[in-house]
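Here TrEMBL flags 224-251 as coiled coil. If you look up TrEMBL, you'll see 582-617, 635-644 marked as compositional bias 'Basic and acidic residues'. According to TrEMBL, the feature compositional bias 'Acidic residues' maps to 658-669. Residues or ranges marked as region 'Disordered' by TrEMBL: 576-669. Among the features that TrEMBL reports, transmembrane segment is placed at 6-21, 33-52, 103-126, 146-165, 177-201, 378-396, 425-446, 466-489, 523-542.
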Amino acid sequence: MSGAALGLEIVFVFFLALFLLHRYGDFKKQHRLVIIATLLAWYLCFLIVFILPLDVSTTIYNRCKLAVNSSPAESNGSYVTLAPSKQKCFKPWSYIPDGIMPIFWRVVYWTSQFLTWILLPFMQSYARSGGFSITGKIKTALIENAIYYGTYLLIFGAFLIYVAVNPNFNLQWNQLQTIGIAAANTWGLFLLVLLLGYGLVEIPRSHWNGAKRGYLLMKTYFKAAKLMTEKADAEENLEDIMEEVRKVSESIKYNHPLRKCVDTILKKCPTEYQERMGRNMDDYEDFDERQNSYPSEKSLAKLHKQVIYSVQRHRRTQVQWQILLEQAFYLEDVAKNESSATRQFVHTFHSQEPENKIVQYFYTPTVEWYWECLLRPWFYRVLAVVLATFSVIVVWSECTFFSTKPVLSLFAVFIQLAEKTYNYIYIEMACFLTIFFLSICVYSTVFRIRVFNYYYLASHHQTDAYSLLFSGMLFCRLTPPLCLNFLGLTHMDATISHKNTQPTAYTSIMGSMRVLSFIADGFYIYYPMLVVILCIATYFSLGTRCLNLLGFQQFMGDSEMTSDLIDEGKELIRREKRKRQRQEEGENRRREWKERYGNRDDSTRSRAVHTDQKESSFSETNANRPLSKYTRSNGRTERDRIELLQDAEPLDFNADSVNDDPLESDSGR
């Protein structure tokens, strides 16, 4: 089993990252480089979270071996026995041989840092660029990131000059590398505590509120009102952008040098707008440089960027509106079925997607009623209590993990108790649940963050390339300090435990933080205590109230604006429900009419077709007979009609009145 657990987790984490990326991204429409870069960033971050428990169990076994080797001992198979106490150091089932984990962590860490600080910011600018060629997009991305990269180079250069001038500092390459790692982890820890303080409270509370049917339905109505406003805004913005595209398309003709750029913009437009512009455009007119002022390539690139953004936003709001409608209809069905005497779940509308037969066989209407109306609320309440207990343990441990005598961090107590008995399965499960809960609190907050309309992770393949790359940057910057914080909570970090023991392989590549004592003994220890204040602020919804005061409508039960938006959303859902009911009634009537009169119509249609064939054959035979007789006269009549059309004078639209036309002089008669 040596190394087998590592290989299995590597494969499992890859498919997990691929599944999540498929849910949020669009493999068919988005660029392959964007998909590959985002997948690699997510994969490396998830890999660190899943592999770190194996590193902890392997480190505990290696510590046992060192303790045994430093005292009289005798070897026996796969474990080592201490002579005095006859204590056994069993090799864990997931043991990773020496030398593998340091190389593995070094590759994973530096690859993720290269992605988050160099490649992904460049690809963000490249994805949002409106250039029409690869060279143009690269040039735009380099210009946009010049300030970004220049700031870091300036700070790093100033630090090198200070170290070179000051004789008290004698830094080597390893120490300089540690300083760079510490700077990156400090930035990540600053953001990590902010996100963690929100997730520790909001995740248990969201599950507790998920058991309240009335609360969920009111919040769905509120979302419907806000989403309708955003949807109308997106449609209006798209109309304005398409009007600009139409004007540009009409001004730049087919033989203009910039026509290729216009065609590229038109390809990004929705199909109905492309057809409309194609009908109204006359490509047979040559362009004249002296007649009109044509837009430049730079302005076309800006318009191209606006088209990509507006089309993506319009498509996303349309899909989200349909998803929200389905959710609202389902919650209304749950509220209606709670008082059902038959205890069978009845849907107002049938599912538009074909359901799996296996799911239909086991998940019957009776099972669905018991789950949705009875079991699911209690399940959410129990889950919320468990998550709240974990949150309390995390907050307590964040405030007390620096205390080693006595050990106050509950996670460190659990790990040390299991370390005494060398229960590696318990150690790995405890480590995995702890770091998994911390990751859920942080990553779920990243998925919920919405920075206006520039960064927004939307499910059902509606996330744009910029948001995907930005999420990959955040994951790569948050995961290393998250893992260091976890090792500090469990006292597996020698900087926290102050013990001269073998560190984990992950800690060894980070270097000794003693190079910067004010960070190791100050910021890393006392800054995580800020999570208490953030949890209190999140519990009392201080951030939501501040956003509400600034004009960003948030769901608050005691707000008059919230009540108005709930009523508006309820009316919108009712209107969409009536519309869908009329559509289904019309489809049912057409289906019943087809089933009732379909055979009769088919027989009538066949008789009509047979009669038409007879009449057409009879007319063809009669028409072929006098063909030679009337051929010359018909040809003469056609020639006369052509001559009359050629001799007709064109209408003069510049005349003062219609009566000036000589052709209408006798129209009164």
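Glycine is treated like the rest: Cβ placed from N, Cα and C.
Worth saying up front: this structure is predicted, and the values here are computed from it rather than measured.
Remote same-chain residues near the transmembrane segment (33-52) are listed as 6, 9-10, 12-14, 16-18, 20-21, 25, 27, 104, 108-109, 111-112, 115-116, 119-120, 123, 127, 431-432, 435-436, 439, 465, 468-469, 471-473, 475-476, 478-480, 482-483, 486-487, 506 (criterion: CB distance under 8 Å, separation of at least six residues from the stretch ends). Pairs of Cβ atoms less than 8 Å apart link the transmembrane segment (523-542) most often to 177-201, out of 103-126, 177-201, 378-396, 466-489.
The transmembrane segment (177-201) makes contact with the transmembrane segment (425-446), as judged by at least three Cβ pairs under 8 Å among residues 6 or more apart in sequence. Below 8 angstroms of C-beta separation, residues 21, 24-25, 30, 34, 37-38, 40-42, 44-45, 48-49, 52, 56, 109, 112-113, 115-116, 120-121, 123-124, 127-128, 184-189, 191-192, 195, 394, 397-398, 401, 409, 411-412, 431, 434-435, 438-439, 442-443, 446-447, 454-458, 495-496, 504, 506-507, 510, 524, 528 of the same chain, each at least six residues beyond the ends of the transmembrane segment (466-489), sit close to that stretch. On the 0 to 100 pLDDT scale, the model's mean across the coiled coil (224-251) is 91.
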